[in-house]
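Enquirer: Among the features that Swiss-Prot reports, 5-phospho-alpha-D-ribose 1-diphosphate binding site is placed at Gly85, 88-89, Thr93, 95-98, 113-121, Ser125, with the record citing sequence analysis. Here Swiss-Prot flags Gly85 as anthranilate 1 binding site. Annotation comment: Swiss-Prot describes Ser97, Glu231 as Mg(2+) 1 binding site, evidence class sequence analysis. Look at Swiss-Prot and you will find Arg171 tagged as anthranilate 2 binding site. If you look up Swiss-Prot, you'll see Asp230, Glu231 marked as Mg(2+) 2 binding site, on the strength of sequence analysis.
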Amino acid sequence: MTPITPQEALQRTIEHREIFHDEMLHLMRMIMSGELSPVMTAAITTGLRVKKETIGEITAAAQVMREFSHKVQVHDTKHLVDIVGTGGDGANTFNISTCATFVIAAAGAKVSKHGGRSVSSKSGSADAMEALGVHINLQPAQIAQCIGDVGIGFMFAPNHHPAMKNVAPVRKELGVRTIFNILGPLTNPAGAPNILMGVFHEDLVGIQVRALQRLGAEHALVVYGRDGLDEISLGAGTLVGELKDGAVREYEIHPEDFGLRMAGTRALRVENPTESKAMLMGVLQGDEGPARDIVCLNAGAALYAANVADSLEDGLRRAQQALASGAALAKLQQLVAYTQKLAA
């Protein structure tokens, strides 16, 4: 079969027709290798966005991004989980998932956290980790050591996806969301089989969870807060797409289901990484309120995804215990010391 040409692919998007799996693999390899011109890369990614990317197109693109990535080899992945968001929710909340990372590890799961610098928020996960004193530029083997010994490994996305340099200028100049915004969370370099993923639009809940299903994930929760948050929200109901035992089901959860008080995002907003760090540290040091509640809720969901907890309720209880005991704060201190020692 003759490979699809970029011009044919562009025409498909204009006609709102799907680019099939093998064609998308070929096209994505051209993009990631720098073979495709910036003009065609921009045209095709914009065309895909306008027609709306299909599960098949997203799955194929994620497979190629994984092919081109620098991987972290983790041998025991039974309770390995990633907690990640697509970003783009515009809520400017503090680093909820980064804070939850320490709670999750303290409660017995292992976290391979995959993230970058700020895209739409005031503070990205890499910005937050750096502000806390974590060394984020480690080699893949060192990150694997961190996961094994501390229970947390932070993978700074640009270090693991060098081929993205071929796309970065196009993405920056376009300034609109493209397929790459939803590929990052699907391409964990440590191959975490379990994931809690927040998305920026309700349509993506069903799409991303089915892409994860096709990509071989084991236990996944894809969530969208009805108030627009790409986390499990305290301010509204949260749509959930869950992949478990090979099957997908979709449902909605509410804070009061877990005995938590509803709270809007205003109390969680920050203006810069300094404010985000202060709120994050407050949670780890025992401050009560909406920030603590939303961290526990999301950490609890990740513990359920990691198969450490039997249910969301059990996960929440374990997360609350990890914070109350001081174990989550100790986990942060352990990670800082360990990464600084490795980087020395």
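Glycine is treated like the rest: Cβ placed from N, Cα and C.
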Enquirer: Roughly how many angstrom lie between the C-alpha atoms of Arg117 (5-phospho-alpha-D-ribose 1-diphosphate binding site) and Arg171 (anthranilate 2 binding site)?
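Expert: Checking the Cα atoms of Arg117 (5-phospho-alpha-D-ribose 1-diphosphate binding site) and Arg171 (anthranilate 2 binding site) gives a distance of 15 Å.
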Enquirer: What does DSSP say about Asp230 (Mg(2+) 2 binding site): helix, strand or coil?
Expert: coil
Enquirer: Looking at the binding-site residues listed here (Gly85, Ser97, His114), whose Cα lies nearest to that of Asp230 (Mg(2+) 2 binding site)?
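Expert: Closest by Cα distance to Asp230 (Mg(2+) 2 binding site) among the binding-site residues Gly85, Ser97, His114: Gly85.
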Enquirer: Please work out which residue of His114, Arg117 has the most C-beta neighbours within 10 angstroms of its C-beta, and give that one of the binding-site residues.
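Expert: Result of the Cβ crowding comparison: His114.
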Enquirer: Between the Cα atoms of Glu231 (Mg(2+) 1 binding site) and Ser97 (5-phospho-alpha-D-ribose 1-diphosphate binding site), find the distance and write it as a whole number of Å.
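Expert: For Glu231 (Mg(2+) 1 binding site) versus Ser97 (5-phospho-alpha-D-ribose 1-diphosphate binding site), the Cα atoms are 8 Å apart.
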Enquirer: Using DSSP reduced to three states, classify Thr93 (5-phospho-alpha-D-ribose 1-diphosphate binding site) as helix, strand or coil.
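Expert: Going by the DSSP assignment, Thr93 (5-phospho-alpha-D-ribose 1-diphosphate binding site) falls within a strand, counted as strand.
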